[in-house]
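Peer 1: Heads up, here are the entries from TrEMBL:
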COMPBIAS  326-336  compositional bias 'Low complexity'
COMPBIAS  347-369  compositional bias 'Low complexity'
DOMAIN    16-303  domain 'Sugar phosphate transporter'
REGION    326-369  region 'Disordered'
TRANSMEM  12-33  transmembrane segment
TRANSMEM  45-69  transmembrane segment
TRANSMEM  81-100  transmembrane segment
TRANSMEM  112-129  transmembrane segment
TRANSMEM  138-156  transmembrane segment
TRANSMEM  162-182  transmembrane segment
TRANSMEM  194-213  transmembrane segment
TRANSMEM  228-246  transmembrane segment
TRANSMEM  258-278  transmembrane segment
TRANSMEM  284-302  transmembrane segment
Amino acid sequence: MSGARSGAGGSGLANLTLLTVLYLTLNSTLNLLNKWALGVYGFRFPLLLTSCHMVFSFAVLMPVALMEPWHTHQRLIEKQWKGIVVVGVSLALNIALNNISLLDVSLTLNQIIRSAIPVVVCILSMLIMNKYPSRQEATALVVLTLGVMLAVWQGAVTGKPYAVMCCIAGTVCNGAMMTFSSKVLSEKLDVVRLTFYTAPVSLACLLPFYWLHERDAYLDYVPTHRQGVTFIILTTSVNAVAYNLIHSAMIKQTSAVTATVLGEIKIVGLLVLSTFLLGEGKELTVKMVVGCLMALAGFTMYSHTKIRRFRESSMQPLVVSLTADSSSSKEPLMSSKAWPRADSAPASGRVGSAAAKRASAPSVAVLQA
């Protein structure tokens, strides 16, 4: 029995490790490709690029999604259409605003601004889910916020104000998307169907703006840049659909906060890569570097607090009531409350206890076996 458990634990750790590596790699390559295309190569059509990502995602996932009967899709859409619409709109705004910001702001400043996503997630969790941070978490988020504010204040000298504001707005939309994605996924909507359902919603939000603001300029641009346009659209679309699937899978397997924390790890790598590959080192000022360091310090404090809380909760053995109700209270193993007798619980209660334990288990904040 112990061998089977250790084997299952090792397999779970390997799967989560692979998922984490893919998440960080795809996130980094997507950011670098988008910045190179929009800010360096001269493909200044962020709405078109985002729309192509949505169309490609929908086309790739359609064969998989349509393997299920239509009534299954109809039932899920009728039940969760509000969450799907919110996630789709938030996703469109998040990606489009972020791509617009990359036109006239460095990837370094872009990533520092987006490092404030935990702050957005925390605020939305308080407003929507009534979840409040601890004192240590709040302190870390304040340090993170101050660092981002200092970096933005100095970075606005080299980047255009509209691009900075678009990046900030995209960060807020990203936090909203992650919060609502976690809620929708917890209601048994799998990764493929979530991405498949939200792509048309996102596309419907983007196409009118592309038609009004980018269509004419794109038609003038594409005849002289066909090969470059094909490479950019195809490469970034493949990267985007892979990242969206891994991103959603990460949220489903852990939590929105965990995916946010893991997303912060790639910031240091992107700062280094953008300095050497995109030549952005000359845009860094002393105060901007201080702001970056403060933001990274706040992230480190926040991550340490989340990890410590998880370890403390995992070290306390819990007894879950033998009912199918996932909201049942959990008591310490040495609690004074008496255990229910084994012969007093019906068979259905014993089956339900497994589901209750899974539903009430704490979110995984670190890689665990």
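Each Cβ is built from the backbone N, Cα and C atoms, and glycine gets one as well.
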Peer 1: Top stretch among 12-33, 81-100, 112-129, 228-246 for CB pairs under 8 A with the transmembrane segment (45-69)?
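Peer 2: Most Cβ pairs under 8 Å with the transmembrane segment (45-69) come from 228-246.
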Peer 1: Between the transmembrane segment (194-213) and the transmembrane segment (12-33), are there three or more C-beta pairs closer than 8 Å, counting only pairs 6 or more apart along the chain?
Peer 2: no
Peer 1: Would you confirm whether the transmembrane segment (12-33) and the transmembrane segment (112-129) meet the contact rule of 3 or more C-beta pairs below 8 angstroms, pairs 6 or more apart in sequence?
Peer 2: no
Peer 1: List, by number or range, the same-chain residues at least 6 past the transmembrane segment (81-100) whose CB is under 8 A from its CB atoms?
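Peer 2: Same-chain contacts beyond the ends: 34, 38, 46-47, 49-50, 53-54, 110, 114, 163, 166-167, 169-170, 173-174, 176-177, 180-181, 183-184, 187, 189, 194, 197-203, 205-206, 209.
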Peer 1: What mean pLDDT score does the domain 'Sugar phosphate transporter' (16-303) have in the model?
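Peer 2: 81, rounded to a whole number.
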